[in-house]
Amino acid sequence: MPSGSGFHNIEEAGEKARKRDDWIAISNFHPGWFSVNMGTGITAILLQNLPYQFPGLHYIAVILFILNVIIFFLFLTISITRYCLWPDKFKAMLAHPAHSMLLGTFPMGFATIINCIVFICVPVWGEWASRFAWGLWWIDAAVSVAICYFVPFMLMTKHTSSLETMTAAWLLPIVAPVVAAASGGVVADSLQNDTHALITILVCYVMWGSAVPLAMVILVIYFQRLAIHKLVPRAAIVSALLPIGPLGQGGFGLMQLGVVAKRVFPRLDFLAPIAGDIFYVMGAFIAMIMWGFGLIWLWFALASFTRGKFYFNIGWWAFTFPLGVFTTATTQMGKEFNSPFFDILGTFFSIVVTCMWVLVFALTVYKSCTKELFR
């Protein structure tokens with residue numbers, strides 16, 4: 001039997017192994033982990049704005065919001081630690097054809113926190129919380145635009161890629177400004193200063209115009225890839241849901257910006273007297289078209305999932321956010337059209353997203369504890 005010192009040596013070796021595993025986890029951390037923020041944040045937003053509320057639902061949304069903030073700052077701290085200890089890993093990440101695409105998850109996860117501040121904190125804390133959210137939004141918008149402009153150019157000049165290896169993850173850096181534009185509409189609606197709201201929504205329309213058409217181009221290329229080379233590998237099959245992200249969030253953003261434009265434009269005598277109504281109606285019209293386009297991509301994704309087994313990885317968080325933002329467009333149409341159909345459908349989608357969040361979050365915690373996700 002081992003002596004006392006032998007037991008001590010075994011315990012010391014085990015402690016060193018655990019510390020080594022922790023450093024390996026930090027070393028292997030990548031931006032895709034911020035998709036946890038995206039999924040958690042959109043679930044909180046859906047529950048907070050569910051068309052059919054019940055007692056206690058608001059507090060569940062608040063708990064998810066707080067959890068999301070904690071996770072965000074935890075991941076941000078890990079990321080800063082990683083790149084401070086291993087500066088070369090940042091350059092390697094930018095040069096990586098897959099990991100660089102995941103940069104877009106950072107501002108999109110941050111945007112869900114900003115939206116929750118508006119939905120949850122502003123009604124309680126008042127105008128200063130709205131101004132605080134507005135300040136955070138400008139940071140998010142700047143980061144989103146930088147990623148949208150920089151990463152696709154890296155794809156053109158530095159990355160080695162082919163049509164066969166393409167996945168829908170190419171959309172992630174491009175969708176970031178779409179999410180920021182939609183978030184800007186939410187923030188602008190809470191601002192009491194009409195001039196600030198006007199500036200915000202005009203910037204949002206420009207961001208929307210920069211990103212949504214480019215996302216449509218990527219969708220065309222992605223469809224060609226699927227038609228020629230068939231479905232993506234099973235490890236990446238969950239990414240089949242990503243195309244509904246820019247369509248759902250783009251539609252929601254246009255409707256939300258139209259709501260603010262309808263209110264703010266006449267007050268500031270901006271453009272013609274009916275300009276706000278035109279922006280509102282056109283936003284709803286285009287949003288319906290984008291929502292319909294999203295339906296067929298949702299069908300493609302669901303049909304793809306039935307083609308075989310696939311195993312858990314961090315990419316499973318794609319089950320939550322794309323469908324979540326598609327749901328926000330659905331519930332917004334129910335609100336603007338006064339439609340029970342869209343209210344019920346939005347509620348159904350919200351329940352599905354919440355159930356998927358519970359499943360994926362539980363698996364993520366379990367696989368993180370076993371270190372399987374960091375190998």
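Cβ coordinates come from backbone N, Cα and C, glycine included.
The topological domain 'Cytoplasmic' annotation in Swiss-Prot covers 1-25, 81-101, 157-167, 222-234, 299-309, 365-375. If you look up Swiss-Prot, you'll see 26-46, 60-80, 102-122, 136-156, 168-188, 201-221, 235-255, 278-298, 310-330, 344-364 marked as transmembrane segment, on the strength of sequence analysis. Residues annotated as topological domain 'Extracellular' in Swiss-Prot, with sequence analysis given as evidence: 47-59, 123-135, 189-200, 256-277, 331-343. Sequence annotations record features per position, and here Swiss-Prot assigns N-linked glycosylation site to Asn193.
It is 26-46 that, among the stretches 26-46, 136-156, 168-188, 278-298, forms the most Cβ pairs under 8 Å with the transmembrane segment (310-330). By the Cβ criterion (under 8 Å, sequence separation of 6 or more), the transmembrane segment (235-255) is not in contact with the transmembrane segment (136-156), since fewer than 3 such pairs are found. Each of 102-122, 168-188, 344-364 was scored by its Cβ pairs under 8 Å to the transmembrane segment (60-80), and the highest score goes to 102-122. Remark: Asn193 (N-linked glycosylation site) has no non-local neighbours by Cβ distance under 8 Å and separation of at least 6 in sequence. Sequence-distant residue pairs (6 or more apart) of the transmembrane segment (136-156) and the transmembrane segment (201-221) include at least 3 whose Cβ atoms are under 8 Å, placing the two stretches in contact.
In the three-state DSSP assignment, the secondary structure recorded for the residue listed as 'N-linked glycosylation site' is coil. If one looks beyond the topological domain 'Extracellular' (47-59) by at least 6 residues along the same chain, the residues whose Cβ comes under 8 Å of a Cβ in the stretch are 116, 119-120, 328, 331, 334-335, 343-344, 346-347, 350, 354. Within the chain, the topological domain 'Extracellular' (123-135) has long-range Cβ neighbours (under 8 A, six or more residues past its boundaries) at 114, 117, 187, 190-192, 196, 200. Sequence-distant contacts of the transmembrane segment (278-298) (same chain, six or more residues past either end, CB-CB distance under 8 Å): 219, 241, 243-244, 247-248, 250-252, 254-255, 257-259, 261-262, 265, 272, 323, 326, 329-330, 332-333, 336-337. For the transmembrane segment (102-122), the most Cβ-contacting stretch among 26-46, 168-188, 201-221, 344-364 is 26-46 (pairs under 8 Å).
The average per-residue pLDDT of the prediction over the topological domain 'Extracellular' (189-200) is 96, rounded to a whole number.
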